[in-house]
């Protein structure tokens, strides 16, 4: 009993420290990354691209996710989380969090589909890659995400004791519904679609070779280059697309899937009438808390993925944005 008490105390302290300090790191890098994404993707030379518009909207949704998610986790490290005790704040915060996270994931899916459309040799499919359709897609995704998670206002409740978090689903069926919605709608299905359409895009670009019709994001090549030069540039572009695609899908799965597994495992155990010891409850809460924090990494990582693996297009736009910002700051201060 003495050793169990020590372990429980240690895990509780470590969990609180993670909420305090790991949350700060994720929030800082995530917010900065998404703000820079918004600035770069708002450039006049890029924002007329439907794919860029979808990335821009996804960055805004990710920013909302980080603020509504990580900021609250940060407060819980100092026992200042009002969502644990105030029911309407609990419901509203979870609704905004789940909706924005789902919107961010599906907008990336839409961007991947747009790349596939714009690389098609079919004229009809190519003409579907437009700003108008991108805006329609954004509106549809926002509306569907709101509808899917509207039940949160009924299911979620604060001041719960027998749950991983104090602000959680109040009944067994509510928890099962919410956890399965998150698992499939926000993680598994978007990851699969991103992988499928991204891979189809790369294969199509390879097949069309020099006769391909390039996606708008990569049509900056000079047509007067020789065939060898164009083939070499094409291979580099394929490499950038492949790296961006698989890195994004890999990290999304890596940081989101553990929470999916833990929540589904918790629901399975919920149906088994087994009395858990305080140590088991503390361990489950610690693991659940850690994996929740890791899921937010997926909302802060796109900027760093684009910068490191996106080739020169994104980095040049970033450098231009930062240069203009510094120039305006210097002129305004003088």
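Yeah, the Cβs are placed from backbone N, Cα and C, and that goes for glycine too.
Beyond its flanks by at least six residues, the transmembrane segment (20-40) meets 46, 55-56, 59-60, 62-63, 66-67, 70-71, 73-74, 77-78, 293, 296-297, 299-304, 306, 314, 317-318, 321, 325 of its own chain at Cβ-Cβ distances under 8 Å. Feature annotation from TrEMBL assigns transmembrane segment to 20-40 (among others).
Per TrEMBL, domain 'G-protein coupled receptors family 1 profile' is recorded for 33-306.
Non-local neighbours of the transmembrane segment (52-72) in the same chain are 23, 26-27, 30-31, 34-35, 37-38, 41-42, 46, 81, 83, 93, 96-97, 100-101, 103-104, 107-108, 110-111, 114, 131, 134-135, 137-138, 217, 293, 296, 299-300, 302-303; each lies 6+ residues outside the stretch with a CB under 8 Å from one of its CB atoms. Feature annotation from TrEMBL assigns transmembrane segment to 52-72 (among others).
Summarising the annotation, TrEMBL assigns transmembrane segment to 92-113 (among others).
Per TrEMBL, the feature transmembrane segment maps to 134-154 (among others).
The transmembrane segment annotation in TrEMBL covers 182-203 (among others).
Per TrEMBL, the feature transmembrane segment maps to 240-266 (among others).
The transmembrane segment annotation in TrEMBL covers 286-306 (among others).
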